[in-house]
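Here the structure comes first, spelled out in structure tokens, and everything after it is commentary.
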Amino acid sequence: MSALDLSRLQFALTAIFHFLFVVLTLGLAPVVAFLQTRWAVTGKEVHERLTRYWGQLYVVNYAMGIVVGLAMEFQFGLHWSGLMTYAGDVFGAPLATETLVAFFLESTFLGLWIFGWNRLNRWVHTSLIWLVVLTAYLSAFWVMVANGFLQNPVGHVVEDGVARVEDVGALLSNQQAVGALLHIVPVCLLTGSVVMVGICSWHFLRGTPDVDFFRRSLRVAVIIGAIAATFAVGNGYAQFGYLTDGKELAFGGSAAERAEFQAQMEALHGPGDWTPPTWISFAWPLMEISGSLYMIVFFGLVLLLVKNAFDRFRPAWFGRFWHRFYVWTLPWPLVVVACGWLLREVGRQPWVVYGELTTADAVSPHGTATVLTSLIVFTTLFAVLAVLDWWLIARLARRGPHDLVLGSDGTGEDAEDTPGELVTAGRT
């Protein structure tokens, strides 16, 4: 493989790993905020425990995602100096804003929320988690503004071979950014719901005594999941209305259509391979089928919850089958999300900035050995973090609502845990 191929592979792995952390973080944060709001309103202990239980899973995933996000920022400058030279003023500005929002605001609010349990007024504490949600989704918006520019470069002029911002409004209202965000938000909520349903199903399989606790969790997850699946599918289809020229070939297309587009691009840009690779077309039917099935599954679960029948299937073997199904398919939305990101990025090849800068012109002039070394180091780091993340989440999820780490003050039934143990709870 060439240095260009290795650089592209590293970016693909970095982006996918980071996005898998992000999608669960964005999916769980609003759920935790909703649960804490119910606790603030009702004062019921069960709502407090719901908040702390799901909140500690959110915090672990957030912490791991931060590390991968830092690595992704680093590799932009390391391997894509041509992109930074050409479009750094336009592409880099939203990413810099996102960094300020995520690391200065979101992290500050989250830190206050984590260590504010039993110290801050209940409503002040609840407002902090909503500020975390707000800044998290603002971060997602700025990331999509940057990515939307790569997909559909608007709001800029090119002076002396360098892109400069000309119209901030056009940059912020780019359909490729806004439309993608409207699809990604419900996808994140759907992913969080699937994870919650899977964890609840595991506890029902184990014959948990905390039936009411997990039934309440399930009810929230199913309602959010049903709504999110509907919008995820609808907004996904809506993006077909503003695909850039040639992007539709990433979803399929005949040989004649590909040849016609290739001829048009050669007339504009000269010889080269200007069509998206054919292998990426597998991603679209997988996403389409998965989204439709999730709509059916979640609306079916809504009907079951009407009579609290999810954990009381008859006959019993039928219930065990479905509970196992939800446990084993828990990671599936992450696979679908990865396919969606691949389709979005690979589908615009060979361009980094569509129609303006190719990957060959954007890559840094490193040798193959240098890029291969960084690829091995980064991939190993990401794999370790991913395994550690899911191991810690599984460890905390299995412990149930009676051995909570988040919000523990060292007294009572959570006496053996302290807030500082949140990230190291897997060792106990």
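Every residue, even glycine, has its Cβ placed from backbone N, Cα and C.
Feature list (source: TrEMBL):
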REGION    408-428  region 'Disordered'
TRANSMEM  12-35  transmembrane segment
TRANSMEM  56-78  transmembrane segment
TRANSMEM  90-116  transmembrane segment
TRANSMEM  128-150  transmembrane segment
TRANSMEM  180-205  transmembrane segment
TRANSMEM  217-238  transmembrane segment
TRANSMEM  282-305  transmembrane segment
TRANSMEM  325-343  transmembrane segment
TRANSMEM  371-392  transmembrane segment
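Across the candidate stretches 12-35, 90-116, 128-150, 180-205, 325-343, the maximum count of CB pairs under 8 A to the transmembrane segment (56-78) is reached by 12-35. Two recorded stretches are said to be in contact when at least 3 C-beta pairs lie under 8 angstroms, sequence spacing 6 or more; the transmembrane segment (128-150) and the transmembrane segment (325-343) fall short of this definition. Using the rule of three or more Cβ pairs under 8 Å, pairs at least 6 apart in sequence, the transmembrane segment (217-238) is in contact with the transmembrane segment (12-35). At the 8 Å Cβ cutoff, the transmembrane segment (371-392) and the transmembrane segment (12-35) share at least 3 close pairs (sequence separation 6 or more) and count as touching.
Sequence-distant contacts of the transmembrane segment (12-35) (same chain, at least 6 residues past either end, Cβ-Cβ under 8 Å): 47, 50-51, 54-55, 57-58, 61-62, 64-65, 68-69, 71-72, 75, 126, 129-130, 132-133, 136-137, 140, 184-185, 187-193, 195-196, 220-221, 224, 333-334, 337-338, 341-342, 345-346, 375, 378-379, 382, 385-386, 389.
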